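Participant: Among the features that TrEMBL reports, DNA-binding region is placed at 86-123. Per TrEMBL, domain 'Homeobox' is recorded for 84-122. Annotation source TrEMBL lists domain 'TLC' at 131-334. The transmembrane segment annotation in TrEMBL covers 39-56, 136-155, 180-199, 262-285, 305-326.
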Amino acid sequence: ILKTLNSWFWWENIWMPVNVTWAHFVDRDGLVFPKPHQLYATIPYAFVLLIIRFFSERYVAKPLAKALGIKNVRRVKPQPNPVLESYFRECSKHPSQSEIQGLAKKCNCTVHLVEKWFRRRRNLEIPTVLRKFQEAFWRFSFYLISSIAGFIFLYDKPWFYDIWQTWVGYPFQTLLPSQYWYYMAEISFYWSLLFTLGIDNKRKADFLAHVIHHLAAIGLMSSSWCANYVRLGTLVMFVHDTADFWLEAAKMLNYAHWEKTCNMLFIIFSIAFFITRIILFPFWILRATMYQPTYYSTTPVIAYFLFNGQLLILQGLHLYWGYLIFKILRRFIFLK
């Protein structure tokens, strides 16, 4: 069954234009092509990034936070109590007064002690400002480095200036070493974010949106790799990363109470976000992926719809986050 499913999944008509097979993508004459099995390497690379994250947060972000005046607040742990812990996890983190009285009788202690236990236990669930700063520092570092690397990789490429060049020679476009490492780093980064969603600071407002975004990003980059949409893929990654590091920098300074600098950085982020995600992405990238391929092939393959479907999901998230950013800007401008 697995062999049959595998053969269906990798059927050439799903990924490649008419009369093109996987045999055409065997490396030859110095030409190198992307291969699906190379994506397996992103999982161990993700764990390498997690190790780098651990050391950067501990030995770079922590001293930087201390220099900015962010203190490491130590929270008091409640006394171990299996009954209260079980109720906290399975029933309610905010028990009513009658429930507290029942728990006090069950544990043979005072109501005040039960209230105090639940208050301390809830406080342990809230991430400290230092922890938030460390997470923001890691994302800021990655997005900044990937933005700089992306510009270095793309600035001398013709498709960076003329989007039509992304389709010239398709699908027999050779893979460059810079494109390989750009893809590996980006996919590995989003794997690492997925692996740590359970322990990272939980964002109630858009937690689900982040899960969808990470999965869509991994699926999008993986499918573009398999179908050799690498030129377009690198442009998509560059457009996204160039706005994100401004937001993470604003978060870091917000935690340090540098309000004026934080506000200035958030405004820069907002401008960069709307230019890259609301203007460039739909009118530059989506136009190249949905409209321009019709000039090169009269029979779009299934990968065309798979690729564009994920891009449209991404654009939906852009509009959702754009709405949230607009609400924050409106409050900032009119309510100070």
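Using the three backbone atoms N, Cα and C, a Cβ is placed for every residue, glycine included.
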Participant: Near the transmembrane segment (136-155), which same-chain residues lie under 8 Å Cβ to Cβ, leaving out any that are not at least 6 residues past its ends?
Facilitator: 49, 53, 56-57, 60-61, 64-65, 176, 178-179, 182, 185-186, 189, 234-235, 237-238, 241-242, 244-245, 248-249, 251-252, 255
Participant: If you average per-residue pLDDT over the DNA-binding region (86-123), what number do you get?
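Facilitator: Here the predicted model's pLDDT, averaged over the DNA-binding region (86-123), is 82.
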Participant: Please identify the stretch among 180-199, 262-285, 305-326 with the greatest number of Cβ pairs below 8 Å relative to the transmembrane segment (39-56).
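Facilitator: Stretch with the highest Cβ contact count: 180-199.
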Participant: Would you mind splitting the DNA-binding region (86-123) into helix, strand and coil residue counts from DSSP?
Facilitator: 29 helix, 0 strand, 9 coil
